[in-house]
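*Asks:* Structure in structure tokens, see below.
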Amino acid sequence: MSSELSEGELSHTSSSSSFVPVDQRQLQDAIQIINEEKRFNQSVLEYINKTAPADVGNNYHIISVFGSQSTGKSTLLNKLFNTNFDVMDESNRQQTTKGIWLAFSPVVSTTSGHTSSKSNILVMDVEGTDGRERGEDQDFERKAALFALSTSEILIINIWETQVGLYQGANMGLLKTVFEVNLSLFGKSKLEKHDDHKVLLLIVIRDYVGVTPVESLAKTFTQDLINMWASLAKPAELEHLQFADFFDVDFHALNHKVLQPKEFSEGINKLGDRLVVGDELFKPEYHHQVPIDGWVMYAGNCWEQIETNKDLDLPTQQILVAQFKCDEIVENVFQEFLKKFEQLFGEPQAEPDYEQIGALFSDLRNDTLEDYDISASKYNKSVYEQKRVKLISLVNEKFKEVFDFYAKELSSTMLKKFHSDVVALKGKNFAASVKELSTGLIASIVTTLGLISLQGDLSSNEVTTALSKDIADIVSKQQVIELNSIVNRAVKKLTNSLSKSIQFELGDPNENTWDTVLQQFNSLSQEVLTKYDGDFGLGTTDEQNKQALDRFQFKSWTSFYESMHKLISKEKLLVLLQDRFDDVFRYDENGLPKLYLNEADLEKTFTESKQHALKVLPILTIAKLSDGSEIVPEIDIFDHKLREKYLGVADEDSDDEDDDEHCFAEIVTEQEKSEVLAKFKKEVDAKYIETKRSIVQHITQIPYYIYLVIVFLGWNEFMAIIRNPLLFSLALLLGASVYILYKLNLLKPAIVVAQRTFDETVAMGKEKLREILIDDHETQGRNLGKIAGKNPSAPAEEYSDNIELDDM
């Protein structure tokens, strides 16, 4: 401490109740930052700027000392940090330090002498506890200890060795109260900001005699701190926080200052080494991470919060007056705001410019708050800020009305476009595309509404929640549509392929026909099931996917049933039987038309043809497998409830039809089968008669002797042909044609064709002649019938046929 400073120019006692004035010559002296009247000194920053090097910035450390009165706290600081805190007059034990003092440490005592720290060290000397001067009044002790704990990086707890393990002697009661209040005031910041800030509790054990190891003393004291922390009354949300989340603990022992002065000095120097040489005790998480001027402001705010905390003090009359006046100002300012608000936002814009609206929001709110600040800032700061928050809430509520209106309009417009976009997907990459569209929609709306949200004060969470629900409804409905579309397309594809398979099998039915058709059906069904494997790529639930597969299964079996009945109706069955009959009856194995020369051949072929046709009748009237079992669907397609569920078909006569038995495998009923057989027999019998008639006509031929007569009588004509070149050429061509037909084995078919052509020509000639000569066919037919002795009531058609047969 400078020897040039005179007694009259300085206050060398920390017990002074007035603030020490800052003077350029007092660079090593302390400044009282909190006096006995609990007032914070506003000159602290000025003191630091004059005592510490320029541009301190963040390069500083704050160390404070805490402990019982007259335990040598100030002496420890002076010896270690070379400060000038007043110490106790050993001839008279009384309180020396009053309030809280702050001093700049120019150098630190180390084993190598006085060492300058790389960082600027500021030391706080806190008024001792348990002093007789304050007696039972522990209010300032609690507040001073709490202040030191809240503003320091390292809190030195100065105790004697004999105090370790004691409760009151080690100030455990006071520490518990201080920790409890510190937790309630500053604990929430650790949750809200995820703050990892800690304070190092450096326990300096004084008058250490060396009998008990320091490690044992440290273990005892640390366990006492942990037990004390566990017994704290913590807020519910802070119950999980541990002592180690807030504090680190370290220990250092010092010998007796009077009895062992050399060892005491060595202990001081070793502690200095730990601070500045090894940089062992300062850690980044202890620092408050604010510049020195910010720390001064922080310290002032901390003291104000500690001093005015409701748990420690009651509202004063000044606060009550401030509350009344601030409420009055809020009401006046808000009414003025409402007038401007109505002028600006009374009528909504048809095509809103959200950026412009957001700017109007901000300007109007800032003007309103500025009016309030001018009138209310002179009152109690806490009340002023509280009522300012209330005014902001009132203003934001009015803005929220406009915000909600435009949010609703914007959401409605965007949802319509979203719906159109979702429908346009047509199931292509549906789940991924819908996710992209919905994410883009919400992001677009949030971005747009962010322009009128007053920098996020007006939350769009309600809008996005409702929007997400609407999006989910749209997507859910479209999912059902797309799911049904996929099922219907799959059923349609299966139906087409199955129909082709059935048609192919109808070309040549056999006992394995339905095995082949069923195998094709199962293959097509399995192809669909394998393709989707329970997931249709629509983002639908497992339950919806299962229902879709059940619907596909029901519709596929229904399609199987309908395809069989569509392709094998009784009309088509009759045509099929006729075609099979004709294949054998009219054509040979080479596909050439047959010419019957005798009735025996005709009857044999007729029997074979009819058997060939009727062989497939049992196969095509009921769907049976080669093992004789009928095809049975895996699901009852005739169940009325299932038909209504999967097909939307409500059978009105379902109650009347409950007793009817439906057989999936039955394609043609027995009655229909009888009708088909009757018609088939009639048709084939007609073909048989027609063919037999042509044989009879063919057999009736000219006698052979007639040809001799023709040769004899037509010899002259024959010679005339030979002598005529034209006629001779025609005769050669005719002979060559007959020879070629003979060699190609086509002579008989050619004769048949010629004969039938001639017969048809004659028949047509007779018909035309009859139409000319006879006007009333039926009358003439009856007359002819009477002449022939027929029944007059017989149909005219029968008589007409008889006439034709007789004529032929």
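Each residue, glycine too, has its Cβ placed from N, Cα and C.
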*Asks:* Quick test of your reading of Swiss-Prot: among 1-21, 127-147, 505-525, 778-798, where does it put region 'Disordered'?
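*Replies:* That would be 1-21, the stretch labelled region 'Disordered' in Swiss-Prot.
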*Asks:* Which bits of the chain, at least 6 residues beyond where the transmembrane segment (726-746) starts or stops, bring a Cβ under 8 A of a Cβ in it?
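*Replies:* Distal contacts: 720.
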*Asks:* Under DSSP, is THR71 (GTP binding site) helix, strand or coil?
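*Replies:* DSSP assigns THR71 (GTP binding site) to coil.
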*Asks:* Only counting partners 6 or more residues apart, tell me which same-chain residues put their Cβ under 8 Å from the Cβ of GLY72 (GTP binding site).
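*Replies:* Within the chain, GLY72 (GTP binding site) has Cβ neighbours under 8 Å at VAL87, ASN158, ARG206, LYS257.
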*Asks:* Residues other than GLY67, SER68, GLN69, SER70, THR71, GLY72, LYS73, SER74 within 8 Å, Cβ to Cβ centroid, of the GTP site?
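*Replies:* Neighbours within 8 Å of the Cβ centroid, excluding GLY67, SER68, GLN69, SER70, THR71, GLY72, LYS73, SER74: GLY128, ASN158.
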*Asks:* In the structure shown, with every protein chain counted, which of the binding-site residues SER68, GLN69, SER70, THR71, SER74 has the densest set of Cβ atoms within 10 angstroms of its Cβ?
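*Replies:* When each Cβ's neighbours within 10 Å are tallied, SER74 leads.
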*Asks:* Let me check the 10 A CB neighbour count of GLY67 (GTP binding site). How many other CB atoms are there?
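*Replies:* So the number of other Cβ atoms within 10 Å of GLY67 (GTP binding site) is 24.
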